[in-house]
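What Swiss-Prot says about this protein:
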- H181: active site, proton donor/acceptor (ACT_SITE)
- D23, E25, H181, D186: Mg(2+) 2 binding site (BINDING)
- D23: Mg(2+) 1 binding site (BINDING)
- 20-194: domain 'Exonuclease' (DOMAIN)
- F29: site 'Important for substrate binding and specificity' (SITE)
- F77: site 'Important for substrate binding and specificity' (SITE)
- F124: site 'Important for substrate binding and specificity' (SITE)
- F146: site 'Important for substrate binding and specificity' (SITE)
Amino acid sequence: MSTNQEFNLLSNRFRTFYPVVIDIETAGFNANTDAVLEIAIITLKMDELGWLHKEDTLHFHIEPFKGSIINSDAIAFNKIDPFNPLRGAISEKIAIQSILKKVRNGIKIQGCSRGIVVAHNANFDHNFLMAAIQRVKIKNNPFHPFATFDTAALSGLVVGQTVLSKACKAIGLSFDNHQAHSALYDTLQTANLFCELVNRWKRLGGWPVDIKKNNSTSNKY
């Protein structure tokens with residue numbers, strides 16, 4: 001395999017990490033006490049030329065876990081009725097098991113070492129995901145325990161915007177505010193944004209890294 005072909009592998013792009021775009025809608029801000037209401041993930045792949053694309057999607061409405069807190073301000077914001085039977089909600093455990101099975105399979109296929117959360121304001125989603133995994137007592141957690149790719153931070157660097165809708169528009173993507181705060185829609189837009197950020201860096205010549213050239217300018221600053 002040539003050097004360029006090696007650089008075009010997903011496993012070599014992010015230090016063997018398998019990026020999984022995720023958005024979680026919740027009934028509050030406390031990952032340990034407040035209910036997860038909706039979760040969506042999108043896995044990613046790289047084509048033969050090293051361009052990043054969306055791959056598969058999972059989306060679940062979640063039943064509030066026993067004893068969880070439902071904050072009225074949170075559900076007024078995301079407009080989710082946790083107890084509406086038409087949501088077709090499933091248990092948190094079944095949803096998390098399905099997600100982790102998908103991630104483990106992707107890690108294996110892509111030759112990666114572990115999953116890494118990609119999210120907008122990623123600390124929030126990562127905290128809720130880790131709390132849910134612990135709550136349902138799954139020991140083999142494929143995700144990195146603290147590292148994430150935060151598209152809010154990356155967008156602030158690249159286009160000077162940190163709000164998801166503004167970042168998407170600044171980078172040339174459409175955004176429908178009426179669909180915002182749906183886990184499925186926000187995950188889709190975050191995935192589009194992350195792919196464009198990564199691919200734009202490649203188009204500008206930032207990837208693959210020229211280590212020799214970078215070492216020669218290492219004392220510039």
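For all residues, glycine too, the Cβ spot is worked out from N, Cα and C.
Each residue contributes its Cα atom, and for H181 (active site, proton donor/acceptor) and E25 (Mg(2+) 2 binding site) these two points are 7 Å apart. In this structure the alpha carbons, written CA, of D23 (Mg(2+) 2 binding site) and F124 (site 'Important for substrate binding and specificity') are 9 Å apart.
Here the domain 'Exonuclease' (20-194) returns a mean pLDDT of 97 for the predicted model. Note: the Cα of F29 (site 'Important for substrate binding and specificity') and the Cα of F124 (site 'Important for substrate binding and specificity') are spaced 8 Å from each other. Apart from D23, E25, H181, D186, the Mg(2+) 2 site neighbourhood in this chain, defined by C-beta within 8 angstroms of the site C-beta centre, holds I24, E38, A40, N78, A180, S182, A183, L184, Y185, T187. Between the alpha carbons (Cα) of F124 (site 'Important for substrate binding and specificity') and E25 (Mg(2+) 2 binding site) lies a span of roughly 10 Å. Just so you know, the Cβ of F146 (site 'Important for substrate binding and specificity') picks up 9 other Cβ atoms within 10 Å once every protein chain is counted. The most densely surrounded of the recorded sites F29, F77, F124, judged by C-beta neighbours within 10 angstroms, is F124. Distance noted between the C-alpha atoms of F146 (site 'Important for substrate binding and specificity') and E25 (Mg(2+) 2 binding site) is 20 Å. The most densely surrounded of the binding-site residues D23, D186 is D23 (count of other Cβ atoms within 10 A of its Cβ). Other C-beta atoms found within 10 angstroms of the C-beta of the residue listed as 'active site, proton donor/acceptor' number 16, with every protein chain shown included.
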